[in-house]
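Colleague: Copied straight from TrEMBL:
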type	residues	note
DOMAIN	49-226	domain 'Wntless GOLD'
DOMAIN	227-496	domain 'Wntless-like transmembrane'
TRANSMEM	233-253	transmembrane segment
TRANSMEM	265-286	transmembrane segment
TRANSMEM	306-323	transmembrane segment
TRANSMEM	335-352	transmembrane segment
TRANSMEM	377-401	transmembrane segment
TRANSMEM	428-452	transmembrane segment
TRANSMEM	472-493	transmembrane segment
Amino acid sequence: MAGAIIENMSTKKLVIVGVILLLFQAFAFMVGGLIAPSPTTAAHYLASKCVDTVKHRQETKWFMPWGPNQCDKIRTFDEAMAKKIEANNIVFAVHIPLPNKEMSPWFQFMLVILQFDIAFKMYNQIGDGAMVTIDVGLAYRDDTLSEWTEIAHSFEQRKLNCNFTTAKTFENEGRYYECDLLPFMEIGSVAHKYYLLNIRLPVNERKKVNVGIGEIKDIRLVSIHQNGGFTKVWFAMKTFLTPSILIIMIWYWRRITLMSRPPVLLEKVILALGISMTFINIPVEWFSVGFNWTWMLLFGDIRQGVFYSMLLSFWIIFCGEHLMDQTERNRFSVYWKQVGPIVFGSFCLFIFDMCERGVQLTNPFYSIWASDVGTELAMAFIIVAGICACLYFLFLCFMVFQVFRNISGKRTSLPAMTKVRRLHYEGLIFRFKFLMLVTLTCAAMTVIFFIISQVNEGHWQWGEHTVQVNSAFFTGIYGMWNLYVFAIMFLYAPSHKRYGDEQSSGQCITGDAGANSGEDIQLTTTITHVDGPTELYKMTGKEAQE
């Protein structure tokens, strides 16, 4: 019997393979749920108000909020007014992490969110469209005795979006506005132990700089970084899965090349899917522990984008190849209408990522969310991406339905066969339909993961609307992708039974030469001269042609 492993493997062995894959899938979820901590940790900081007594300072001085060399501090701005300290001489200092703690390269990235505590005053209210100008510097050091080294310095603007929920009267003076969180900083590598932020709010009434922003009492920061324990579990999974996919991919392609016919489009796309899975699996993140590679976040997004594109394109071609007739089949150009939008959407994802994380390679304080136009574009992008992902899934469901209908049309010829042959073909159809349902399940989980990832990445810019993503979801989906790619390459590899003498028989399915000769002729005229990995592939193509 010629064909792929999915057709030739006994039902018992196939069930064993399925159970093993299912156990690995459960293990992937349990790794995240029972072993790995939550993916990220948030730490809250209240900026200390330091006083810079030297005007027009030439060299950069860094102000420490605590420790042996801590700055001269004031508690409130009323104290500053009493001491006649100008606003331009006040520096908000934040040391990351908190005292007696250290940052680690295992944290992978650091995202910092800013929030102002602004008190209501009748004669100093927040104006419409108020913009805060921030003079900010970031420095690092790796021990408590060395000098601070500057990483970045920038002048940034952030728009205040604050609401005062009570009546604006003299009796309510001193109450605080409710202000949205503001994106502040993101670095793609945590290569140093200690970080220091110095923030100034320069005032220039003539140029209307920081005028009409209310009475700022305090600055609060939230620092979010990846958990070191989750990073280690994630790296371990990548290190284990990389050789697994690489080995099965080499084995699969070796079997393809041993065949007398050239590979068809479906087999080439399966290989491309394996390559893209290997690309995202390779644990280059290990180097980020020893090197200050700030571009790792961007590179990770690019790798994930390549895999998304390949996976979505594979599902379209996988279904389409079981719908096309033989004249249309096996040509990549036929799918340009379906694959083109996927490639275009991935390119838009890349441009969007470059507009933020690409710029952050040189200026970690840049954020596309800082401006009204950028916020609207980012929000529109996330919403459109979510809608397109849902539409893609619906279109894939429609294609799967068409494939099932195409196969059902072929089942009309089954009653004319002997019982053994009929049961054989019914088994093939059942196996293929089950695989298609697994494919739909993987597609649904992938779409959900993509939407939740986009929402989770942007929720700090939206305020309180958030989605809590458990570590088990990350490890489970990642394991699912690898197991699905592994299963596709294994099941669609040519069976070793192909490399026998049956190639000379000229029949696609061997049978009893005498009793079943009529059926052999019927099947031969149905599916001969149609090359492909499986019998169903051949049957659906020939039927469409007829």
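Along the chain as shown, residues are numbered 1 onward.
Each residue, glycine too, has its Cβ placed from N, Cα and C.
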Colleague: Give the nonlocal contacts of the transmembrane segment (233-253) in its own chain as ranges (CB under 8 Å, at least six residues past its ends).
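Modeller: Contacts with the transmembrane segment (233-253): 28, 31-32, 35-36, 270-271, 274-275, 277-278, 281-283, 285-286, 471, 474-475, 478-479, 482, 485-486, 489-490, 492-493.
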Colleague: What stretch in 265-286, 306-323, 335-352, 428-452, 472-493 has the biggest tally of Cβ pairs under 8 Å against the transmembrane segment (377-401)?
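Modeller: Result: 428-452.
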Colleague: For the domain 'Wntless GOLD' (49-226), would you mind checking the mean pLDDT of the predicted model?
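Modeller: Mean model confidence (pLDDT) across the domain 'Wntless GOLD' (49-226) is 88.
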Colleague: Counting only residues 6 or more past its boundaries, what in the same chain has a CB within less than 8 Å of a CB in the transmembrane segment (472-493)?
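Modeller: Cβ under 8 Å, 6 or more out: 4-6, 17, 21, 24-25, 27-33, 36, 39, 233-234, 237, 241, 244-245, 248-249, 251-252, 255-256, 266-267, 270, 273-274, 277, 281, 307, 311, 435, 438-439, 442, 445-446, 449, 452, 533-534.
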